[in-house]
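Novice: One structure coming up, written as C-alpha cells, with questions to follow.
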Amino acid sequence: MQKEEDVCPEAGYCLGTALSSWGLHFMEEHSQSTMLMGIGIGVLLTLAFVGLAAFFVYRKVSRFRRAEPIPQYRFRKRDKVMFYGRKIMRKVTTLPHTLVGNTAAPRQRVRKRTKVLSLAKRILRFKKEYPTLQPKEPPPSLLEADLTEFDVKNSHLPSEVLYMLKNVRVLGHFEKPLFLELCKHMVFVQLQEGEHVFQPGEPDISIYVVQDGRLEVCIQDADGTEVVVKEVLPGDSVHSLLSILDVITGHTAPYKTVSARAAVASTVLWLPAAAFQGVFEKYPETLVRVVQIIMVRLQRVTFLALHNYLGLTTELFNPESQAIPLLSVASVAGRAKRQMSYGPEEQLERSPRLSEFNSSDQRSVAVSGPLLKRSCSVPLPPIHGEIDELRQAQGSGSNTSAFQESQEGATSDLGMAYNRARILPHSEEQLGSSLASKSKKSVVAETSAVFHYSEKPRDEPGPSGRTDAIFRAATKDLLTLMKLDDPSLLDGRVAFLHVPAGTIVSKQGDQDVNILFVVSGMLHVYQQKIDSLEDTCLFLTHPGEMVGQLAVLTGEPLMFTIRANRDCSFLSISKAHFYEIMRKRPDVVLGVAHTVVRRMSSFVRQIDFALDWMEVEAGRAIYRQGDKSDCTYIVLSGRLRSVIRKDDGKKRLAGEYGRGDLVGVVEMLTHQARATTVHAVRDSELAKLPAGALTSIKRRYPQVVTRLIHLLGEKILGSLQQGSGTGHQLGFNTASSKWDLGNPPGNLSTVAAMPVSEDVPLTAFALELQHALSAIGPVLLLTSDNIKQRLGSAALDSIHEYRLSSWLGQQEDIHRIVLYQADSTLTPWTQRCIRQADCILIVGLGDQEPALGELEQMLESTAVRAQKQLILLHKEEGPAPSRTVEWLNMRSWCSGHLHLCCPRRVFSKRSLPKLVEMYTRIFQRPPDRHSDFSRLARILTGNAIALVLGGGGARGCAQVGILRALAECGIPVDIIGGTSIGAFMGALFAEERSYSQIRIRAKQWAEDMTSMVKTILDLTYPITSMFSGTGFNSSISNIFKDRQIEDLWLPYFAITTDITASAMRVHTDGALWRYVRASMSLSGYMPPLCDPKDGHLLMDGGYINNLPADVARSMGAKVVIAIDVGSRDETDLTNYGDALSGWWLLWKRWNPLATKVKVLNMAEIQTRLAYVCCVRQLEMVKNSDYCEYLRPPIDSYRTLDFGKFDEICEVGYQHGPAGFDIWVRSGVLEKMLQDQQGTSKRMDCGVFTCPNSSFTDLAEIVSRIEPAKVAAVDDESDYQTEYEEELPAIPKETYADFQSTGIELDSDSECEPSMSQGPHSLTSPKQSQDSFPWLPNQDDQGPRLYRPS
C-alpha cells in the first residue's frame, strides 16, 4: 500500500508534465490559428455590443416620436425686454460687491468660478491662440534692380549730349545753358579697327566718349611693352581731368605713355578741352567750381584707390623741386647782409620764443637778445580776439541774417565752392570793417612765434624793419606764383611765420588748413602708413614752393602732416582769406591748382586715364550675377545692395556696402564671374578701378600683390566671422530673418525719420536721437526749415536739385551720420529725405492703434529700396509694449522694430522755440548711455553691445548677479539672448527695466523648481521623457504670462535644437514662454516642444550652441559679452587599455582597498556625445576677437541646485566687478564704447576721405609693405643725417596750430595769452556747430600750441 502511495504522486506529476508539454507543443504548432481565433472572438463581441447599443437607441427614438407634441409658446417683446433688463440689473448689483469686497461671498464665488474654469481647461485641454508674425516675402524693390538701363531713346535730349553728360563727371556741375554751350563743340569721329584715337607725342587736349564700338586704352611701360588698362564700351569715356586742368591753366602737355585705339570699328564723340576756356570767359565763377571738382576727384578717387587700398604713398608724388626763384627775397637778403656788416648791435639772434612770452604777466613783453643793446615793448594780442570776429562775420548755425545774406550766393558756383570748403561768404564791407581796426599796429608777437604785419611799410632800421622787408619781398614772389598783378589782394590776408625746428605746422586730418609758401628753410611732408603709426616722407617743400593748397581747394581734410625739421619761415594764407581773394579774382585758382598738378607723379597721370568717377541712380544695377568681372568699385557716397539668386529662382540679400567699401574685388582678383547682382539703394557715387589698370600697377609695384592677397583673404575671413553659417543674419536688430537680411548696417551714413501720424512728436524724437548720436561722432540734423535757412527758400526747387544733392553729399563727408527729419506730409523735402536715406525710421506711438499712415502708404506704393525700421515710442509711466505683432503684420516693408521708453520731455506739448530752448540746455550735458535713444544710436552706427547668457541649470542663477554688476559698472546692453537657463534670464532682462524685479521673479521660479510635490505630480511613464512637462510649462508661463518676444524692450533671441530638421533654430518672435521652455527642454527629462509654426520638435539649445555669441554678432553687435555657466567635463580619465570589463569596474567600485578609477558610464558617454558640437562652438567663441568671455567660479554647484539661488547669485555678483576691473585697466571697456569706425568723420581729429571697411583695416594691419626709396630722401641725406642727431634735444613733436593766424589780432584787447586758453584735445570729438543749427555758436578756438604726450 505504501508503495502504491509512493507511485501515485509520481504518476500524477508525470501526467501533469505530459499535459503541459503537450499544451506548449500545441500552442507552438497552432499559434497562428489561435491568434486568428482570438481576433474573431473580439470582432463578434464588438458587433454584439454595437447591435445592443443600436437597439436601445432605436427604442428611445421611437418612444419620443410617439409622444404628443408640446405646444411652443412665444414671448412677447415687452416680456423679453423686461427679462433681459432684470438679468442685467442683477449683474450690476453684484458687481460693486465684487469690486469693493464688502462681503466675502462674491469673492468666494469668483474664486470658485475661476477654479472650475481652470479645471475645465485642464480636462478639455483648450489651447490659447497667440498672435503670430506672418511670414512675408520681401518687396520686389528690396532685392531687385531696375530692368531699364540708361534710356537714350525716350529722352528729349540728343544721344550724344546724354552720353557726354553721363560720363564726364565735371560736366554734371554745369548749368544747362553752359553745358549746351559746350555741346556745340562736339564732333563725331569714325574709327576703323586698329586705328589710334591718340598716341604718345600728340597734345593731350581732348575728351572722348564712345557712342558705339569699343576702345582700348594702353599704357607703355619702361621696357616699351603696352598694357591695356581699360576697355571703353559704348557710353564710357576716355579723358583725364588733370589734362583738362592743364589745358585750362595754359600748360598743355603731350601724351607721354598713354594711347588709345579702336578694338573694333567705332564711333566716338570728341570734345576739345579748349571749349572750356570760352565758357569760363563768359562765366568766371564756374571756373572755381570746375577746378574744385577736379581737385576733389584727385583726392577722393585717385588717392583713395591708390593709397588707402593699394598701399602706395611715395609713388604718388613727384619728389623733384617745383620751386620758383625767390628773386625779391634774394635781393632783400643781399641788402640785409650789407647792413649787418655795419655793427653787431643791429643783429637779432633769433625770433622771440614761447618761453619769453610765458615769463611775462604783463600786456607787453621786452624782447631782447644778447647782442641787442636796446629793448622794445611789443604788445601781446588776445588769443581768441579776431578769430571770434571772423566766425561771427562768417555766421554760425543760428545766425539767420548770415544765412539770408548768403542765400543768393549759396546757389551760385562760387557759393557751392564756399559750401564745400565750409566757408560762408560774407560781404566786402564786413571783411573791411573787421580789418580796419587792425591796420594801426606794426609788429605783433604771438605765442606760436607768428608775426603779423600791416599793409603800410616800416622804414625804421633794425630787425623788425628787415623782417618787414623780407615779408614784402616774399609777398611779391607769392604774387608771381599765384599769377596776380594786384598786390592789394594780399593786404591783410597774409601772415609771415617763423617756426623753430621740430614744429608740426599742420597735422594729418586737420580741417582748417592754410596755404603755406616757404620763404626760408624747408617743410617736410609726411604721411602716416596705413599699416602702422610710422610716418613716411613724401616730399620736401623748398623755398619758393606751396603746400596745403589741395586741402584748401577741396575743403577735404589734410592728407599729410607738415613738419619743420629745421627753423623755417613761410607765408600763410588762411582758407577764408584765400576764398576772399578767389571771390575777387576767380582765376587765382588756376595758378594754385597747377602747383598741385605739378606735384603729382607721372604714374598718377597715367592711372587718371584708367580710373572712372561715376554716379549711379537709385535702383540701377552696377553689375549682374554672371557678368564678366573686369573691375572693382569703391563706394564714395551712397549705398549699394548685393543680392544672390539661388538655383530655385529665389533671391537672398547677400550684403550691403556703404561709404569706403570695396565692391566686387573678390571676383576680379580670382577672375570669376560675378557671384551676385549689385544695385544702388540710393543715388550713389563710385570710383571704378579696371582690372587692366590693377595689372599694370602690379607689374610696376609688386608689393601691391601682397596687399591684394591680404585684401582677398580678409574679405573671406570677414564673411566667415559674420556668422554666415548660422543662416540667421539680420539687417537691423532682430534675427527674425523675415527676409534673411545680410550684413548689419554698421556703415550707415544717412538716416531718415518719418512719422506714422501727426500725433508723433517727431521733432523731439529727432533731437533726442541727435543728442544720443553726438556721443559717437559728429552728427547733423536737417529739417525743411533748416535747409531753407541755410540754402535759401528756393533750395528745394527742382532747378537746384543737383546743387542740393552736392551740398548734402558734403555734409555726409564731414559728419559721422546725417539725420533727416521728414515732414508729416508728402512734401518735396520728405521725398528728398526718403531719397537720401540709407535707412528709414518709421516712428509711431506704442499706445495708439496700429493703423497705416499717409506716408507709409506712399512707401508701400513706391519702390523705396532703403531698409525701413519701425520705432515705437512709449511713455515712462505707461504700460509695457503690446500688440507689436499687429504693427508688423500691417507693414510688410518693415525689416525690424525697436521699442523706446522716452522721457517725459519727448511728449511735452511745447512750442518749437521753447522746445529748442529746452534742448539747448540738454545738449550741454553728455547723453545717458543707458537710455533707449543711446541704444538706438549704437545700433544705427554698428556699435551695439550684446549680452549672451549660456546654459548650465542652477548655475545660471549667477547670471542674475552679473547683470547687477554690469549695471553698476555702467556697461549698456543693446541686444540679449541665450540658451537654456540663459534664455530664461535673458528674457527677464529684456522684459524688466529694474534689477530688483528680475531677481524677485527669478527667485520665484527657482523656488518652484525645488518643489518636490510639483515634481512628483509631473512624473509620467518614461517612454519619451520622465516628466510630462505640464508643471514645468506652468512654472514658466506663470512668470512670462502672455508676453510675446516682439513686445520685449530689448532685441532678444533664444536658441533651440530642431531635432526634426537637425539644425539650430534662432527664435526672435512668437510666445516668449514657449520658446524659453523649448530652449530648456533637456533630453530624457522633458519631452520636445512642438513648434506651433511648423510642427518641428524643439529641444535644449545647449546641444548645438550653448553660448551663442556668433548669433549675437550676426545681429549687428560690435562687442559680445558672453557669460558661460556650463559644466566642465572631467578630462583626467583612466587609461584602461583596449578592452574594459564591467566586472573589473564593479570590483574597483566595491572594494574599499582598491585604487579608484575614472571611467565614464553609458549615460555620461551619451551626454558627452550630445554636447560635442556645443564644445567646439564654445572654443570658437572664446577665441574670437569680438567676444569678451566671462565665467564665474560656479563649478562646485550642480545643475539642479536651485535651492541655493541666493548663494549662487552672490557668487556672480562678486565675480562681475573683478572681471570688469580688468577690462577697465586693459582698455577693453573704452574700446567697447568707442565708435567702430576708427577713421570716423571727426571735425577735430583723424583723417577722413572715405572710411575703410572692416576687412580693409585688418588687411592694413597684416600687410607690411616696405616703401620704395625716392630721390627726395636720398638728396637730403647729406644734411638730414647730422640734423637728425640734434633732434632729441629739440621739442620735435611741438604742434603749433596756425589755422587761424591769417588774420591780425587786435592789440587793444585786454585778453592775455594763456596756455589754459589754447589746448583743445585733438582726440576728443567736438560737437559740430552744424549738428545743431539752432544752438548758439560755441566753436571759439584760437591759436594754440599743441604738445602731444
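Every residue gets a Cβ built from N, Cα and C, even glycine.
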Novice: Of THR132, THR1131, THR1239, THR1281, which one does Swiss-Prot label phosphothreonine?
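Specialist: Among THR132, THR1131, THR1239, THR1281, the residue Swiss-Prot annotates as phosphothreonine is THR1281.
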Novice: In Swiss-Prot, which of the ranges 403-407, 808-812, 978-982 has the motif 'GXSXG' annotation?
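Specialist: Result: 978-982 is the stretch Swiss-Prot calls motif 'GXSXG'.
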Novice: Swiss-Prot tags one of SER434, SER629, SER1196, SER1277 as phosphoserine; which one?
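Specialist: The residue tagged phosphoserine by Swiss-Prot is SER1277.
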Novice: Given the candidates SER341, SER433, SER506, SER532, specify the residue that Swiss-Prot annotates with phosphoserine.
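Specialist: Residue annotated phosphoserine in Swiss-Prot: SER341.
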Novice: Return the residues near LEU694 (nucleoside 3',5'-cyclic phosphate 3 binding site) by Cβ distance under 8 Å, restricted to its own chain and a separation of at least 6 in sequence.
Specialist: THR632, MET668, LEU708
Novice: Out of ALA610, GLY638, ARG652, VAL666, ALA680, which of these binding-site residues is nearest GLY509 (nucleoside 3',5'-cyclic phosphate 2 binding site) by C-alpha distance?
Specialist: GLY638
Novice: Three-state secondary structure of VAL666 (nucleoside 3',5'-cyclic phosphate 3 binding site) from DSSP?
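Specialist: Note: VAL666 (nucleoside 3',5'-cyclic phosphate 3 binding site) is helical by DSSP.
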Novice: In three-state terms from DSSP, label LEU708 (nucleoside 3',5'-cyclic phosphate 3 binding site) for me.
Specialist: helix
Novice: My understanding is the cutoff is Cβ-Cβ under 8 Å with a sequence separation of 6 or more in the same chain; which residues meet that for ASP535 (nucleoside 3',5'-cyclic phosphate 2 binding site)?
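Specialist: Correct list: TYR526, GLN527, GLN528, LYS529, THR561.
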Novice: Roughly how many angstrom lie between the C-alpha atoms of SER574 (nucleoside 3',5'-cyclic phosphate 2 binding site) and ARG652 (nucleoside 3',5'-cyclic phosphate 3 binding site)?
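Specialist: Taking the Cα atoms only, SER574 (nucleoside 3',5'-cyclic phosphate 2 binding site) lies 52 Å from ARG652 (nucleoside 3',5'-cyclic phosphate 3 binding site).
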Novice: Taking 10 A as the limit, how many CB atoms besides its own sit near the CB of ALA610 (nucleoside 3',5'-cyclic phosphate 3 binding site)?
Specialist: 24
Novice: Hey, how far is ASP587 (nucleoside 3',5'-cyclic phosphate 2 binding site) from VAL666 (nucleoside 3',5'-cyclic phosphate 3 binding site), Cα to Cα, in Å?
Specialist: 45
Novice: Could you state the whole-number distance in Å separating the C-alpha atoms of ALA680 (nucleoside 3',5'-cyclic phosphate 3 binding site) and GLY548 (nucleoside 3',5'-cyclic phosphate 2 binding site)?
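Specialist: Each residue's Cα considered, ALA680 (nucleoside 3',5'-cyclic phosphate 3 binding site) and GLY548 (nucleoside 3',5'-cyclic phosphate 2 binding site) end up 35 Å apart.
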Novice: Between ALA610 (nucleoside 3',5'-cyclic phosphate 3 binding site) and GLY548 (nucleoside 3',5'-cyclic phosphate 2 binding site), what is the CA-CA distance rounded to a whole number of Å?
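Specialist: If we compare the Cα positions of ALA610 (nucleoside 3',5'-cyclic phosphate 3 binding site) and GLY548 (nucleoside 3',5'-cyclic phosphate 2 binding site), the gap is 26 Å.
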Novice: Between C-alpha atoms, which of these binding-site residues comes nearest to MET522 (nucleoside 3',5'-cyclic phosphate 2 binding site): ARG624, GLY638, ARG652, VAL666?
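Specialist: Closest by Cα: GLY638.
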Novice: What Cα-Cα separation, expressed in whole Å, is found between GLY548 (nucleoside 3',5'-cyclic phosphate 2 binding site) and ARG624 (nucleoside 3',5'-cyclic phosphate 3 binding site)?
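Specialist: About 42 Å separate the Cα atoms of these two residues.
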Novice: Between PHE496 (nucleoside 3',5'-cyclic phosphate 2 binding site) and GLY638 (nucleoside 3',5'-cyclic phosphate 3 binding site), how many Å separate their Cα atoms?
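Specialist: Taking the Cα atoms only, PHE496 (nucleoside 3',5'-cyclic phosphate 2 binding site) lies 42 Å from GLY638 (nucleoside 3',5'-cyclic phosphate 3 binding site).
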